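Here's what TrEMBL has on this protein:
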TRANSMEM  68-87  transmembrane segment
TRANSMEM  93-110  transmembrane segment
TRANSMEM  119-136  transmembrane segment
TRANSMEM  142-174  transmembrane segment
TRANSMEM  186-206  transmembrane segment
TRANSMEM  238-256  transmembrane segment
TRANSMEM  268-284  transmembrane segment
TRANSMEM  290-309  transmembrane segment
TRANSMEM  321-341  transmembrane segment
Amino acid sequence: MIMLVGIGWLLFISYNSARQAWVDGLMEAWFMSKGLVIYKDFASQYFPTLYFLMVPFHRIFGFVQNPTIFLAPFTSIVTFITLAIISCKILKGWYRFLPLIFFLIWDPVLSENHYSTTMFQNTLILVAFGLWWSWFDKPRKIYAFIIGLLLGIASTSGQIVSIFSAVVGFSILYRVIKERSKVHNIIFFSAGFLIPYVFIFSWLFYHGALEAFFNWAIAYYFSGGGYPYAMGRGWENLLFYFTFFSPLIFVVILFFQKKGLMQSKRTFWLLMFLTFLVPFWFAIFHPNRLMTVEAIMAISLGLSLQELTRNRKKINFLKGVSVFLLAMLIITFYFVMIPIYKRNFSHPPETRNRTATYPDDPMYEINKWVINNTPKEAKLFATTDSIIYLETDRLMANPRAVTNLPVFYREINQAALELQDNPPDYWVIDERQWKRFEDMGFTQASQVLQKILSCEQVIFQAEYVTIRKHEAGKDLCL
């Protein structure tokens, strides 16, 4: 019954909420379908496996927004069913329902009806964790291989999973060293884990994109003007963050318990969560980021309580902790989750797609003008949403122009030289972006780009979006 109710709830939320395509996945797949090489011809912050998978996906279902819109509820339901299966296998009695309830409470709020890399990783990590839980008690080579393969795919789709994968790998190595007779397990795990990496690096090497990959997907996070290591610490964000991770209290209590699970298993279990808890604290806060760990947080709630309640002496203490955590959840639901639901339900049916371009949007006129007044081979430099390239069937003139994120212009002098050597035919500029550049600490980049644009003639404007044409053979104003 709870399965039917759960699936019905997820479908109800999806149907009645605002929705959006996964624009990054759609655009990067479209660029690659046009023969462009990721990192080399267009910048990207993340590892590419899921983007590679999106190319055949969109070839089958079309390079339009609807496929990934439908992928969001589909993935939520698949993950929910997978969670139910794993819960039935490793939990008993009413403990089986705890992960499902946790998932149904958090999933609509974290995903906001939006498919993304974190949703993909959530499913893979859940299956890997379920297999690891059984493997640690009874090592099996096939489990080790599948765990490695799943984590290899997950970590080559988004770097944040790499630390988690390392902890899982160390746990397998520890178990092998302790057993001394299960050495093949670490070999099988490593083989599975390395398969996606070998494929990716071979592909990048073949296309001459290794240096660009290192610059955009690795060095980017360590550069002075790169990744902003700061969480938005408003009280609502803090409440949301601590409430979501609150079930870890039970895992911590279990860690200090002498009886029950092997101490090594408890240690690695806790370390796995710390690989998300700490990085998420220092990252830019966004609820969708937490989705990466949502399903294993759910299953861990059931597992930890099932283990802790074996000790009858701690029942009253556990009840007190549970009441406190439930109070936190109620407060978070009232002050944070309900406003999210209201916002998502407030969109009228005809405008529920947040990433669509409607006639009252200035981009509607901009897209129409570009299609009707520029040759198809014209190259654009846009600081609007990147979907303009798909909707006008035009490509970008510079790898950085794939996004309007200011951080992509941290090397502004290099960017200016690139534009000088290969200027766009047309500039499509959201004039509001300059304040955003400055607010995020990229004042110099804003000034240089505005200086360049000051010598480019505006030939069309729709509200805050301007189109400028670059005269062939003319130097940029640098």
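Positions of Cβ are set from backbone N, Cα and C atoms, glycine also.
A quick note: this is a predicted structure, and the numbers were derived from the prediction, not measured.
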Whether the transmembrane segment (321-341) meets the transmembrane segment (119-136): three or more C-beta pairs under 8 angstroms: no
Interface present between the transmembrane segment (68-87) and the transmembrane segment (268-284) (three or more C-beta pairs under 8 A): no
Outside the transmembrane segment (142-174), six or more residues from its ends: residues with CB under 8 Å to it: 46-50, 117-118, 120-121, 124-125, 127-128, 131-132, 134-136, 185-186, 188-197, 200, 217, 221, 264-265, 268, 271-272, 275-276, 279, 289, 292
Outside the transmembrane segment (119-136), six or more residues from its ends: residues with CB under 8 Å to it: 50, 72, 75-76, 78-79, 82-83, 86, 89-90, 111, 143-144, 146-147, 150-151, 153-154, 157-158, 161, 164, 168, 171-172, 175, 185, 262, 265, 268, 272, 291-296, 299, 303
